[in-house]
Amino acid sequence: MQHIRNFSIIAHIDHGKSTLADRLIHRCGGLAEREMSAQVLDSMDIERERGITIKAQTASLQYKSQDGTVYNLNLIDTPGHVDFSYEVSRSLSACEGALLVVDASQGVEAQTVANCYTAIELGMEVLPVLNKMDLPQADPEAARQEVEDVIGIDASEAVLASAKTGMGIDEILESIVARVPPPKGDPSAPLQALIIDSWFDNYVGVVMLVRIVNGVLKPKDKILLMASHATHLCEQIGVFTPKSQPRPELSAGEVGFVIAGIKELEHAKVGDTITLAGKPAAEPLPGFKEVKPQVFAGLYPVESSEYDQLRDSLEKLKLNDAALMFEPEVSQALGFGFRCGFLGLLHMEIVQERLEREFDMDIITTAPSVVYEVEQRDGTVVTIESPSRMPEIAKIADIREPIVKVTLFMPQEYVGPVMTLCNNKRGVQLNMSYHGRQVHLTYEIPLAEIVLDFFDKLKSVSRGYASMDYEFVEYRSADVVKVDLLINGDRVDALAMIAHRNNARYRAREVVSRMRGLIPRQMFDVAIQAAIGAEVIARENVKALRKNVLAKCYGGDISRKKKLLEKQKAGKKRMKQVGSVEIPQEAFLAILQVEDK
(Lines of atoms letter the chains of each structure in order from A and count residues from 1; the text may use other names and numbers.)
(Lines give C-alpha, C1' and ligand atoms only; values in the text may rest on other atoms or scores of the structure.)
Protein backbone atom coordinates (compact mmCIF):
# COMPACT_ATOMS: atom_id res chain seq x y z
CA MET A 1 0.00 0.00 0.00
CA GLN A 2 2.96 2.33 0.51
CA HIS A 3 3.36 2.49 -3.28
CA ILE A 4 -0.22 3.46 -4.13
CA ARG A 5 -1.13 7.10 -4.81
CA ASN A 6 -4.75 8.09 -5.46
CA PHE A 7 -5.20 11.55 -6.91
CA SER A 8 -7.65 13.57 -8.97
CA ILE A 9 -7.45 16.72 -11.05
CA ILE A 10 -9.44 19.84 -10.15
CA ALA A 11 -9.82 22.47 -12.87
CA HIS A 12 -12.27 24.91 -14.40
CA ILE A 13 -13.79 24.14 -17.81
CA ASP A 14 -11.13 24.59 -20.52
CA HIS A 15 -8.17 24.91 -18.20
CA GLY A 16 -6.65 21.78 -19.69
CA LYS A 17 -7.65 19.05 -17.26
CA SER A 18 -8.44 16.31 -19.77
CA THR A 19 -5.37 17.12 -21.88
CA LEU A 20 -3.20 16.87 -18.78
CA ALA A 21 -4.80 13.52 -17.97
CA ASP A 22 -3.97 12.33 -21.51
CA ARG A 23 -0.34 13.36 -21.02
CA LEU A 24 -0.01 11.55 -17.71
CA ILE A 25 -1.52 8.37 -19.22
CA HIS A 26 0.81 8.64 -22.19
CA ARG A 27 3.89 9.24 -20.03
CA CYS A 28 3.15 6.17 -17.88
CA GLY A 29 2.51 4.02 -20.94
CA GLY A 30 -1.17 3.45 -20.15
CA LEU A 31 -2.05 3.36 -23.85
CA ALA A 32 0.05 2.66 -26.91
CA GLU A 33 0.74 5.57 -29.31
CA ARG A 34 -1.89 4.43 -31.79
CA GLU A 35 -4.62 4.24 -29.13
CA MET A 36 -4.10 7.77 -27.89
CA SER A 37 -6.99 10.00 -28.88
CA ALA A 38 -7.49 13.52 -27.63
CA GLN A 39 -9.31 13.42 -24.28
CA VAL A 40 -9.05 9.69 -23.65
CA LEU A 41 -11.12 9.83 -20.49
CA ASP A 42 -14.04 11.79 -21.95
CA SER A 43 -15.83 8.89 -23.57
CA MET A 44 -19.12 10.53 -24.57
CA ASP A 45 -19.18 12.54 -27.81
CA ILE A 46 -20.96 15.36 -26.08
CA GLU A 47 -18.20 15.48 -23.44
CA ARG A 48 -15.59 15.94 -26.14
CA GLU A 49 -17.55 18.51 -28.08
CA ARG A 50 -18.42 20.71 -25.16
CA GLY A 51 -14.99 20.08 -23.66
CA ILE A 52 -16.52 19.11 -20.35
CA THR A 53 -16.31 15.97 -18.26
CA ILE A 54 -19.65 14.65 -17.05
CA LYS A 55 -18.95 11.21 -15.60
CA ALA A 56 -15.96 10.27 -13.46
CA GLN A 57 -13.41 8.03 -15.19
CA THR A 58 -10.27 6.40 -13.86
CA ALA A 59 -6.90 5.23 -15.01
CA SER A 60 -4.45 3.09 -13.03
CA LEU A 61 -0.92 3.94 -14.12
CA GLN A 62 2.43 2.31 -13.34
CA TYR A 63 5.05 5.00 -12.78
CA LYS A 64 8.74 4.32 -12.24
CA SER A 65 10.07 7.24 -10.21
CA GLN A 66 13.58 8.68 -10.43
CA ASP A 67 14.82 6.61 -7.48
CA GLY A 68 13.74 3.46 -9.33
CA THR A 69 10.68 2.55 -7.23
CA VAL A 70 7.53 1.60 -9.18
CA TYR A 71 4.41 3.38 -7.94
CA ASN A 72 0.80 2.57 -8.75
CA LEU A 73 -0.91 5.90 -9.51
CA ASN A 74 -4.70 5.98 -9.67
CA LEU A 75 -6.00 9.02 -11.52
CA ILE A 76 -9.69 9.73 -10.93
CA ASP A 77 -11.01 12.25 -13.45
CA THR A 78 -13.77 14.43 -11.98
CA PRO A 79 -16.49 16.53 -13.63
CA GLY A 80 -15.85 20.26 -13.22
CA HIS A 81 -19.31 21.75 -13.60
CA VAL A 82 -21.57 22.99 -10.78
CA ASP A 83 -24.47 20.72 -11.70
CA PHE A 84 -22.34 17.68 -10.98
CA SER A 85 -20.90 18.84 -7.66
CA TYR A 86 -22.08 15.72 -5.80
CA GLU A 87 -20.22 13.49 -8.28
CA VAL A 88 -17.16 15.66 -7.70
CA SER A 89 -17.33 15.33 -3.93
CA ARG A 90 -17.58 11.53 -4.22
CA SER A 91 -14.67 11.35 -6.67
CA LEU A 92 -12.57 13.53 -4.39
CA SER A 93 -13.35 11.53 -1.27
CA ALA A 94 -11.78 8.49 -2.96
CA CYS A 95 -8.42 10.29 -3.24
CA GLU A 96 -5.72 11.49 -0.88
CA GLY A 97 -4.44 14.24 -3.13
CA ALA A 98 -5.49 16.53 -5.95
CA LEU A 99 -3.75 18.46 -8.70
CA LEU A 100 -5.19 21.95 -8.81
CA VAL A 101 -4.80 22.94 -12.46
CA VAL A 102 -4.97 26.68 -13.08
CA ASP A 103 -4.66 28.28 -16.50
CA ALA A 104 -1.63 30.58 -16.14
CA SER A 105 -3.14 33.04 -18.60
CA GLN A 106 -6.55 33.30 -16.91
CA GLY A 107 -6.09 32.75 -13.19
CA VAL A 108 -8.51 31.18 -10.73
CA GLU A 109 -12.20 30.69 -11.65
CA ALA A 110 -15.30 30.07 -9.53
CA GLN A 111 -15.77 26.35 -10.08
CA THR A 112 -12.14 25.62 -9.32
CA VAL A 113 -12.56 27.35 -5.98
CA ALA A 114 -15.71 25.43 -5.04
CA ASN A 115 -14.13 22.06 -5.83
CA CYS A 116 -10.87 23.02 -4.20
CA TYR A 117 -12.61 23.91 -0.94
CA THR A 118 -14.34 20.51 -1.06
CA ALA A 119 -10.90 18.89 -1.41
CA ILE A 120 -9.43 20.89 1.48
CA GLU A 121 -12.43 20.04 3.70
CA LEU A 122 -11.82 16.35 2.95
CA GLY A 123 -8.25 16.85 4.19
CA MET A 124 -6.56 16.23 0.85
CA GLU A 125 -3.09 17.35 -0.18
CA VAL A 126 -3.58 19.94 -2.95
CA LEU A 127 -0.73 20.41 -5.47
CA PRO A 128 -1.05 23.55 -7.60
CA VAL A 129 -0.09 23.21 -11.28
CA LEU A 130 0.08 26.26 -13.56
CA ASN A 131 -0.91 24.96 -16.97
CA LYS A 132 -0.74 26.47 -20.49
CA MET A 133 2.74 27.90 -19.95
CA ASP A 134 3.32 27.64 -23.71
CA LEU A 135 0.92 30.55 -24.31
CA PRO A 136 2.59 33.94 -24.86
CA GLN A 137 0.15 35.62 -22.46
CA ALA A 138 0.86 33.20 -19.58
CA ASP A 139 1.62 35.07 -16.36
CA PRO A 140 2.78 32.50 -13.77
CA GLU A 141 3.54 35.03 -11.02
CA ALA A 142 0.06 36.59 -11.10
CA ALA A 143 -1.60 33.16 -11.24
CA ARG A 144 0.55 31.94 -8.33
CA GLN A 145 -0.40 35.01 -6.27
CA GLU A 146 -4.07 34.46 -7.07
CA VAL A 147 -3.97 30.82 -5.92
CA GLU A 148 -2.50 31.99 -2.61
CA ASP A 149 -4.96 34.89 -2.18
CA VAL A 150 -8.17 33.22 -3.28
CA ILE A 151 -7.72 29.62 -2.17
CA GLY A 152 -5.19 30.21 0.57
CA ILE A 153 -2.72 27.40 -0.19
CA ASP A 154 1.03 27.81 -0.61
CA ALA A 155 1.81 28.05 -4.33
CA SER A 156 5.55 28.73 -4.10
CA GLU A 157 6.31 25.18 -5.26
CA ALA A 158 3.64 25.16 -7.98
CA VAL A 159 4.76 23.16 -11.03
CA LEU A 160 4.90 25.15 -14.26
CA ALA A 161 3.54 22.93 -17.00
CA SER A 162 2.05 22.78 -20.44
CA ALA A 163 -0.10 19.76 -21.12
CA LYS A 164 -0.01 20.60 -24.80
CA THR A 165 3.77 20.47 -25.25
CA GLY A 166 4.42 18.01 -22.42
CA MET A 167 6.48 20.44 -20.36
CA GLY A 168 6.56 19.76 -16.61
CA ILE A 169 4.83 16.36 -16.78
CA ASP A 170 7.70 14.52 -15.02
CA GLU A 171 7.80 17.15 -12.27
CA ILE A 172 4.06 16.66 -11.72
CA LEU A 173 4.47 12.89 -11.39
CA GLU A 174 7.41 13.29 -9.01
CA SER A 175 5.52 15.75 -6.82
CA ILE A 176 2.52 13.36 -6.66
CA VAL A 177 4.81 10.58 -5.46
CA ALA A 178 6.59 12.85 -2.98
CA ARG A 179 3.70 14.89 -1.55
CA VAL A 180 0.49 12.85 -1.82
CA PRO A 181 0.18 10.53 1.20
CA PRO A 182 -0.36 6.79 0.58
CA PRO A 183 -3.90 5.51 1.31
CA LYS A 184 -4.81 4.38 4.82
CA GLY A 185 -6.84 1.22 5.26
CA ASP A 186 -6.76 -2.27 6.69
CA PRO A 187 -6.85 -5.21 4.23
CA SER A 188 -7.87 -7.57 7.06
CA ALA A 189 -10.87 -5.50 8.22
CA PRO A 190 -14.42 -6.16 6.88
CA LEU A 191 -14.84 -4.91 3.30
CA GLN A 192 -15.85 -1.27 2.77
CA ALA A 193 -15.75 0.06 -0.79
CA LEU A 194 -17.00 3.46 -1.93
CA ILE A 195 -18.87 3.68 -5.24
CA ILE A 196 -17.32 6.65 -7.06
CA ASP A 197 -19.42 6.26 -10.19
CA SER A 198 -21.57 3.71 -11.92
CA TRP A 199 -22.74 3.35 -15.49
CA PHE A 200 -24.63 0.87 -17.60
CA ASP A 201 -22.99 -1.40 -20.12
CA ASN A 202 -25.16 -3.22 -22.64
CA TYR A 203 -23.28 -6.48 -22.20
CA VAL A 204 -22.54 -6.84 -18.51
CA GLY A 205 -25.09 -4.57 -16.82
CA VAL A 206 -24.01 -1.95 -14.29
CA VAL A 207 -20.28 -1.31 -13.96
CA MET A 208 -19.32 0.25 -10.63
CA LEU A 209 -16.17 2.26 -10.16
CA VAL A 210 -15.01 1.70 -6.58
CA ARG A 211 -12.30 2.70 -4.14
CA ILE A 212 -11.60 -0.07 -1.63
CA VAL A 213 -11.23 1.60 1.78
CA ASN A 214 -10.85 -1.51 3.99
CA GLY A 215 -10.76 -5.22 3.27
CA VAL A 216 -10.32 -7.25 0.09
CA LEU A 217 -12.77 -7.97 -2.74
CA LYS A 218 -12.50 -11.05 -4.98
CA PRO A 219 -14.68 -12.41 -7.81
CA LYS A 220 -17.43 -14.82 -6.60
CA ASP A 221 -17.85 -12.83 -3.36
CA LYS A 222 -21.44 -12.06 -2.35
CA ILE A 223 -21.69 -8.30 -1.95
CA LEU A 224 -24.21 -6.11 -0.16
CA LEU A 225 -24.95 -2.50 -1.17
CA MET A 226 -25.62 -0.70 2.09
CA ALA A 227 -27.95 2.12 1.00
CA SER A 228 -30.23 0.05 -1.23
CA HIS A 229 -29.81 -3.23 0.81
CA ALA A 230 -29.46 -5.24 -2.39
CA THR A 231 -27.21 -8.31 -2.54
CA HIS A 232 -25.42 -9.43 -5.69
CA LEU A 233 -22.75 -11.89 -6.74
CA CYS A 234 -19.50 -10.19 -7.73
CA GLU A 235 -18.63 -11.53 -11.20
CA GLN A 236 -15.58 -9.63 -12.36
CA ILE A 237 -13.19 -7.06 -10.92
CA GLY A 238 -10.30 -5.17 -12.44
CA VAL A 239 -8.71 -1.82 -13.14
CA PHE A 240 -8.83 0.67 -16.00
CA THR A 241 -5.58 1.62 -17.65
CA PRO A 242 -7.95 3.37 -19.25
CA LYS A 243 -8.75 0.02 -20.97
CA SER A 244 -10.29 -2.51 -18.62
CA GLN A 245 -7.97 -5.21 -17.28
CA PRO A 246 -9.31 -7.99 -15.03
CA ARG A 247 -7.57 -8.59 -11.68
CA PRO A 248 -7.78 -11.53 -9.24
CA GLU A 249 -8.49 -9.19 -6.30
CA LEU A 250 -8.74 -5.55 -5.22
CA SER A 251 -7.46 -4.74 -1.75
CA ALA A 252 -7.53 -1.72 0.56
CA GLY A 253 -6.34 1.52 -1.04
CA GLU A 254 -6.91 0.42 -4.64
CA VAL A 255 -9.31 1.85 -7.19
CA GLY A 256 -10.97 -0.40 -9.77
CA PHE A 257 -14.23 -1.62 -11.23
CA VAL A 258 -16.74 -4.21 -10.07
CA ILE A 259 -19.29 -5.99 -12.26
CA ALA A 260 -21.99 -7.87 -10.39
CA GLY A 261 -24.76 -8.40 -12.92
CA ILE A 262 -26.84 -5.52 -11.54
CA LYS A 263 -29.61 -4.52 -13.94
CA GLU A 264 -30.79 -1.29 -12.31
CA LEU A 265 -28.57 1.72 -11.84
CA GLU A 266 -30.88 2.64 -8.93
CA HIS A 267 -29.23 -0.09 -6.86
CA ALA A 268 -25.68 1.14 -7.39
CA LYS A 269 -25.96 4.72 -6.21
CA VAL A 270 -22.91 6.97 -6.35
CA GLY A 271 -21.53 7.36 -2.82
CA ASP A 272 -22.95 4.07 -1.52
CA THR A 273 -20.81 1.53 0.36
CA ILE A 274 -20.22 -2.04 -0.83
CA THR A 275 -19.53 -4.68 1.81
CA LEU A 276 -19.55 -8.49 1.95
CA ALA A 277 -22.98 -10.04 2.57
CA GLY A 278 -21.42 -12.79 4.74
CA LYS A 279 -19.26 -10.48 6.87
CA PRO A 280 -20.73 -6.96 6.57
CA ALA A 281 -19.04 -3.83 7.87
CA ALA A 282 -20.58 -2.28 10.98
CA GLU A 283 -21.50 0.97 9.24
CA PRO A 284 -21.35 2.52 5.74
CA LEU A 285 -18.76 5.11 4.75
CA PRO A 286 -19.87 8.68 5.59
CA GLY A 287 -21.09 11.25 3.08
CA PHE A 288 -23.72 9.37 1.09
CA LYS A 289 -26.75 11.43 0.14
CA GLU A 290 -29.61 11.09 -2.30
CA VAL A 291 -29.26 13.55 -5.16
CA LYS A 292 -32.35 15.69 -5.52
CA PRO A 293 -33.30 17.34 -8.80
CA GLN A 294 -33.50 21.14 -8.55
CA VAL A 295 -34.92 22.06 -11.95
CA PHE A 296 -37.99 20.57 -13.62
CA ALA A 297 -39.26 20.81 -17.18
CA GLY A 298 -41.82 18.98 -19.29
CA LEU A 299 -40.54 16.96 -22.26
CA TYR A 300 -43.10 16.10 -24.93
CA PRO A 301 -42.65 14.27 -28.24
CA VAL A 302 -43.49 16.42 -31.27
CA GLU A 303 -45.36 13.44 -32.77
CA SER A 304 -47.65 11.98 -30.12
CA SER A 305 -47.05 8.51 -31.60
CA GLU A 306 -43.44 8.72 -30.37
CA TYR A 307 -44.45 8.73 -26.70
CA ASP A 308 -43.29 5.14 -26.09
CA GLN A 309 -40.03 5.80 -27.87
CA LEU A 310 -39.44 8.85 -25.65
CA ARG A 311 -40.10 6.75 -22.56
CA ASP A 312 -37.62 4.08 -23.70
CA SER A 313 -35.03 6.75 -24.50
CA LEU A 314 -35.42 8.36 -21.07
CA GLU A 315 -35.13 4.96 -19.40
CA LYS A 316 -31.92 4.25 -21.30
CA LEU A 317 -30.51 7.66 -20.33
CA LYS A 318 -31.47 7.02 -16.73
CA LEU A 319 -29.33 3.87 -16.80
CA ASN A 320 -26.30 6.13 -17.05
CA ASP A 321 -27.63 9.10 -15.18
CA ALA A 322 -29.04 8.28 -11.78
CA ALA A 323 -29.87 11.92 -11.07
CA LEU A 324 -32.39 12.15 -13.92
CA MET A 325 -35.98 11.75 -12.70
CA PHE A 326 -39.08 11.52 -14.85
CA GLU A 327 -42.77 10.75 -14.51
CA PRO A 328 -45.59 10.71 -17.06
CA GLU A 329 -47.58 13.91 -17.42
CA VAL A 330 -50.56 14.84 -19.57
CA SER A 331 -51.04 18.32 -20.94
CA GLN A 332 -54.17 19.46 -22.79
CA ALA A 333 -52.02 21.45 -25.16
CA LEU A 334 -49.16 19.04 -25.79
CA GLY A 335 -50.66 15.62 -25.17
CA PHE A 336 -48.71 12.93 -23.36
CA GLY A 337 -45.18 13.56 -22.17
CA PHE A 338 -42.96 13.50 -19.11
CA ARG A 339 -42.14 15.80 -16.24
CA CYS A 340 -38.38 15.51 -15.82
CA GLY A 341 -36.16 16.58 -12.95
CA PHE A 342 -32.57 17.71 -13.48
CA LEU A 343 -29.66 18.75 -11.28
CA GLY A 344 -29.37 22.10 -13.01
CA LEU A 345 -29.48 23.82 -16.36
CA LEU A 346 -26.39 22.24 -17.88
CA HIS A 347 -27.71 18.83 -16.93
CA MET A 348 -31.03 19.67 -18.61
CA GLU A 349 -29.33 20.81 -21.81
CA ILE A 350 -27.20 17.69 -21.91
CA VAL A 351 -30.20 15.39 -21.47
CA GLN A 352 -32.07 17.20 -24.26
CA GLU A 353 -29.08 17.07 -26.53
CA ARG A 354 -28.49 13.38 -25.87
CA LEU A 355 -32.15 12.62 -26.58
CA GLU A 356 -31.93 14.42 -29.89
CA ARG A 357 -28.52 13.10 -30.85
CA GLU A 358 -28.32 9.55 -29.55
CA PHE A 359 -32.00 8.62 -29.80
CA ASP A 360 -33.01 10.79 -32.73
CA MET A 361 -36.01 12.25 -30.89
CA ASP A 362 -37.85 15.47 -31.73
CA ILE A 363 -38.98 16.95 -28.45
CA ILE A 364 -40.77 20.03 -27.15
CA THR A 365 -39.44 21.31 -23.83
CA THR A 366 -41.58 23.53 -21.63
CA ALA A 367 -40.13 26.38 -19.58
CA PRO A 368 -37.96 25.07 -16.73
CA SER A 369 -39.37 25.61 -13.25
CA VAL A 370 -38.06 24.97 -9.77
CA VAL A 371 -39.65 23.13 -6.86
CA TYR A 372 -41.80 25.28 -4.58
CA GLU A 373 -43.01 24.33 -1.11
CA VAL A 374 -46.64 25.32 -0.59
CA GLU A 375 -48.13 25.40 2.90
CA GLN A 376 -51.89 25.01 2.67
CA ARG A 377 -54.43 26.48 5.06
CA ASP A 378 -55.09 23.07 6.60
CA GLY A 379 -51.43 22.89 7.63
CA THR A 380 -50.22 20.35 5.05
CA VAL A 381 -47.10 21.13 3.00
CA VAL A 382 -46.93 20.03 -0.63
CA THR A 383 -44.06 20.36 -3.11
CA ILE A 384 -44.99 21.77 -6.50
CA GLU A 385 -42.80 20.86 -9.48
CA SER A 386 -45.01 22.24 -12.20
CA PRO A 387 -46.93 25.53 -12.28
CA SER A 388 -50.07 23.70 -13.43
CA ARG A 389 -50.16 21.78 -10.12
CA MET A 390 -50.29 24.86 -7.92
CA PRO A 391 -53.35 24.71 -5.59
CA GLU A 392 -56.06 27.41 -5.76
CA ILE A 393 -55.16 30.77 -4.23
CA ALA A 394 -57.80 30.41 -1.52
CA LYS A 395 -56.15 27.25 -0.13
CA ILE A 396 -52.62 28.64 0.09
CA ALA A 397 -51.23 29.96 3.38
CA ASP A 398 -47.61 30.41 2.30
CA ILE A 399 -45.33 29.66 -0.66
CA ARG A 400 -41.61 29.04 -0.12
CA GLU A 401 -39.08 29.12 -2.94
CA PRO A 402 -35.55 27.68 -3.07
CA ILE A 403 -32.72 30.15 -2.46
CA VAL A 404 -29.18 29.45 -3.67
CA LYS A 405 -25.88 30.97 -2.67
CA VAL A 406 -24.08 32.16 -5.79
CA THR A 407 -20.31 32.68 -5.87
CA LEU A 408 -19.11 34.93 -8.68
CA PHE A 409 -15.60 35.75 -9.88
CA MET A 410 -14.86 38.48 -12.38
CA PRO A 411 -12.25 41.11 -13.33
CA GLN A 412 -12.95 44.31 -11.39
CA GLU A 413 -14.09 46.36 -14.39
CA TYR A 414 -17.25 44.21 -14.64
CA VAL A 415 -18.34 44.47 -11.00
CA GLY A 416 -20.96 47.19 -11.67
CA PRO A 417 -22.93 45.40 -14.41
CA VAL A 418 -22.75 42.05 -12.56
CA MET A 419 -24.07 43.61 -9.34
CA THR A 420 -26.90 45.30 -11.25
CA LEU A 421 -27.79 41.94 -12.80
CA CYS A 422 -27.85 40.22 -9.38
CA ASN A 423 -30.01 42.98 -7.88
CA ASN A 424 -32.46 42.73 -10.78
CA LYS A 425 -32.71 39.02 -10.07
CA ARG A 426 -33.82 39.76 -6.47
CA GLY A 427 -30.35 38.96 -5.17
CA VAL A 428 -29.06 39.88 -1.70
CA GLN A 429 -25.36 40.64 -1.46
CA LEU A 430 -23.53 38.73 1.28
CA ASN A 431 -19.90 39.45 0.61
CA MET A 432 -17.43 41.12 -1.71
CA SER A 433 -13.65 40.86 -1.70
CA TYR A 434 -10.80 41.89 -3.98
CA HIS A 435 -7.92 39.54 -4.87
CA GLY A 436 -5.51 41.38 -7.13
CA ARG A 437 -7.47 42.13 -10.30
CA GLN A 438 -10.18 39.59 -9.53
CA VAL A 439 -13.29 40.35 -7.50
CA HIS A 440 -15.12 37.68 -5.53
CA LEU A 441 -18.86 38.34 -4.96
CA THR A 442 -21.29 36.23 -2.95
CA TYR A 443 -25.05 36.62 -3.37
CA GLU A 444 -28.20 34.84 -2.31
CA ILE A 445 -30.56 34.62 -5.28
CA PRO A 446 -33.81 32.67 -5.77
CA LEU A 447 -33.12 29.60 -7.90
CA ALA A 448 -36.10 30.46 -10.10
CA GLU A 449 -34.29 33.59 -11.30
CA ILE A 450 -31.13 31.64 -12.10
CA VAL A 451 -32.96 28.96 -14.04
CA LEU A 452 -34.34 31.32 -16.65
CA ASP A 453 -31.37 33.05 -18.19
CA PHE A 454 -29.01 34.17 -15.45
CA PHE A 455 -25.98 32.37 -16.84
CA ASP A 456 -26.37 33.79 -20.36
CA LYS A 457 -26.93 37.30 -19.01
CA LEU A 458 -23.91 37.00 -16.72
CA LYS A 459 -21.71 36.04 -19.66
CA SER A 460 -23.00 38.93 -21.77
CA VAL A 461 -22.64 41.67 -19.12
CA SER A 462 -19.11 40.51 -18.30
CA ARG A 463 -18.09 39.75 -21.91
CA GLY A 464 -17.58 36.13 -20.90
CA TYR A 465 -15.06 36.83 -18.13
CA ALA A 466 -17.26 36.13 -15.11
CA SER A 467 -17.62 32.61 -13.78
CA MET A 468 -20.20 31.35 -11.31
CA ASP A 469 -20.95 28.50 -8.99
CA TYR A 470 -24.07 27.97 -6.87
CA GLU A 471 -25.24 25.79 -4.01
CA PHE A 472 -28.67 25.32 -2.45
CA VAL A 473 -29.22 27.11 0.87
CA GLU A 474 -32.85 26.78 2.00
CA TYR A 475 -36.51 27.41 1.23
CA ARG A 476 -37.80 30.91 2.06
CA SER A 477 -41.23 32.54 1.97
CA ALA A 478 -41.77 34.48 -1.22
CA ASP A 479 -44.54 36.54 -2.70
CA VAL A 480 -45.00 34.52 -5.87
CA VAL A 481 -48.15 34.00 -7.91
CA LYS A 482 -49.22 31.63 -10.62
CA VAL A 483 -49.95 33.33 -13.94
CA ASP A 484 -52.30 31.41 -16.23
CA LEU A 485 -52.47 31.96 -19.97
CA LEU A 486 -55.84 31.69 -21.65
CA ILE A 487 -56.40 31.35 -25.36
CA ASN A 488 -60.02 32.06 -26.31
CA GLY A 489 -60.95 31.61 -22.67
CA ASP A 490 -59.33 28.16 -22.30
CA ARG A 491 -56.45 27.78 -19.90
CA VAL A 492 -53.36 26.30 -21.53
CA ASP A 493 -51.70 24.36 -18.73
CA ALA A 494 -48.31 24.04 -20.41
CA LEU A 495 -47.99 27.83 -20.66
CA ALA A 496 -48.68 28.59 -16.99
CA MET A 497 -45.78 30.15 -15.11
CA ILE A 498 -44.93 31.12 -11.56
CA ALA A 499 -43.59 34.65 -11.17
CA HIS A 500 -42.83 37.10 -8.37
CA ARG A 501 -45.77 39.41 -7.78
CA ASN A 502 -43.75 42.54 -8.59
CA ASN A 503 -42.73 41.10 -11.94
CA ALA A 504 -45.93 39.25 -12.76
CA ARG A 505 -47.76 42.01 -14.65
CA TYR A 506 -44.71 42.96 -16.65
CA ARG A 507 -43.91 39.37 -17.58
CA ALA A 508 -47.54 38.64 -18.41
CA ARG A 509 -47.73 41.63 -20.76
CA GLU A 510 -44.48 40.64 -22.44
CA VAL A 511 -45.49 37.01 -22.94
CA VAL A 512 -48.93 37.92 -24.24
CA SER A 513 -47.57 40.43 -26.75
CA ARG A 514 -44.94 37.94 -27.89
CA MET A 515 -47.56 35.20 -28.24
CA ARG A 516 -49.63 37.50 -30.39
CA GLY A 517 -46.93 37.48 -33.03
CA LEU A 518 -46.55 33.72 -32.88
CA ILE A 519 -50.10 32.41 -33.05
CA PRO A 520 -51.18 32.21 -36.69
CA ARG A 521 -54.27 34.21 -37.67
CA GLN A 522 -57.50 32.21 -37.82
CA MET A 523 -60.85 32.86 -39.48
CA PHE A 524 -62.04 34.28 -36.14
CA ASP A 525 -60.60 36.58 -33.48
CA VAL A 526 -58.31 34.87 -30.99
CA ALA A 527 -58.05 36.43 -27.53
CA ILE A 528 -54.82 35.80 -25.61
CA GLN A 529 -55.12 36.65 -21.92
CA ALA A 530 -52.97 36.30 -18.82
CA ALA A 531 -54.69 35.97 -15.46
CA ILE A 532 -53.81 35.65 -11.80
CA GLY A 533 -56.69 33.64 -10.36
CA ALA A 534 -59.79 35.23 -11.88
CA GLU A 535 -58.24 38.65 -12.50
CA VAL A 536 -57.10 39.19 -16.09
CA ILE A 537 -53.91 41.25 -16.08
CA ALA A 538 -53.01 41.38 -19.78
CA ARG A 539 -54.73 40.82 -23.09
CA GLU A 540 -53.97 40.87 -26.81
CA ASN A 541 -56.13 39.94 -29.79
CA VAL A 542 -55.07 38.16 -32.93
CA LYS A 543 -57.31 39.73 -35.58
CA ALA A 544 -59.36 37.46 -37.82
CA LEU A 545 -58.63 37.00 -41.48
CA ARG A 546 -61.71 37.90 -43.45
CA LYS A 547 -62.84 37.08 -46.89
CA ASN A 548 -64.38 39.91 -48.88
CA VAL A 549 -67.89 38.48 -49.36
CA LEU A 550 -69.10 41.63 -51.15
CA ALA A 551 -66.68 41.28 -54.03
CA LYS A 552 -69.31 39.66 -56.26
CA CYS A 553 -71.93 42.41 -55.73
CA TYR A 554 -71.70 45.11 -58.37
CA GLY A 555 -74.05 47.89 -57.28
CA GLY A 556 -77.29 46.30 -56.12
CA ASP A 557 -79.33 46.92 -53.02
CA ILE A 558 -77.81 47.53 -49.57
CA SER A 559 -80.01 44.78 -48.09
CA ARG A 560 -78.28 42.19 -50.29
CA LYS A 561 -74.89 43.26 -48.92
CA LYS A 562 -76.25 43.27 -45.37
CA LYS A 563 -77.52 39.75 -45.80
CA LEU A 564 -74.11 38.50 -46.96
CA LEU A 565 -72.31 40.26 -44.11
CA GLU A 566 -74.78 38.88 -41.55
CA LYS A 567 -74.27 35.42 -42.99
CA GLN A 568 -70.49 35.80 -42.68
CA LYS A 569 -70.86 37.04 -39.11
CA ALA A 570 -72.99 34.05 -38.14
CA GLY A 571 -70.47 31.70 -39.75
CA LYS A 572 -67.59 33.31 -37.83
CA LYS A 573 -69.53 33.03 -34.59
CA ARG A 574 -70.21 29.35 -35.18
CA MET A 575 -66.56 28.81 -36.10
CA LYS A 576 -65.37 30.51 -32.95
CA GLN A 577 -67.46 28.15 -30.83
CA VAL A 578 -66.05 24.99 -32.36
CA GLY A 579 -62.70 26.22 -33.70
CA SER A 580 -59.52 25.23 -31.88
CA VAL A 581 -56.27 27.13 -32.12
CA GLU A 582 -53.03 25.32 -32.96
CA ILE A 583 -50.26 26.61 -30.72
CA PRO A 584 -46.87 26.44 -32.45
CA GLN A 585 -43.71 25.29 -30.63
CA GLU A 586 -42.23 28.82 -30.69
CA ALA A 587 -45.03 30.01 -28.43
CA PHE A 588 -43.80 27.76 -25.62
CA LEU A 589 -40.32 29.12 -25.98
CA ALA A 590 -41.65 32.70 -25.86
CA ILE A 591 -42.13 32.29 -22.13
CA LEU A 592 -38.46 31.51 -21.70
CA GLN A 593 -37.26 34.57 -23.51
CA VAL A 594 -39.10 37.20 -21.51
CA GLU A 595 -36.64 39.63 -19.99
CA ASP A 596 -37.22 40.68 -16.42
CA LYS A 597 -37.17 44.40 -15.79
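Along the chain as shown, the residues are counted starting at 1.
Every residue, even glycine, has its Cβ placed from backbone N, Cα and C.
Some features that Swiss-Prot has for this protein:
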{"type": "BINDING", "residues": "Asp14, His15, Gly16, Lys17, Ser18, Thr19, Asn131, Lys132, Met133, Asp134", "note": "GTP binding site"}
{"type": "DOMAIN", "residues": "2-184", "note": "domain 'tr-type G'"}
Sparsest-packed among the binding-site residues, when each Cβ's other Cβ atoms within 10 Å are tallied, from Ser18, Asn131: Ser18
Per DSSP, three-state class assigned to Ser18 (GTP binding site): helix
Where Asn131 (GTP binding site) falls in three-state DSSP terms: strand
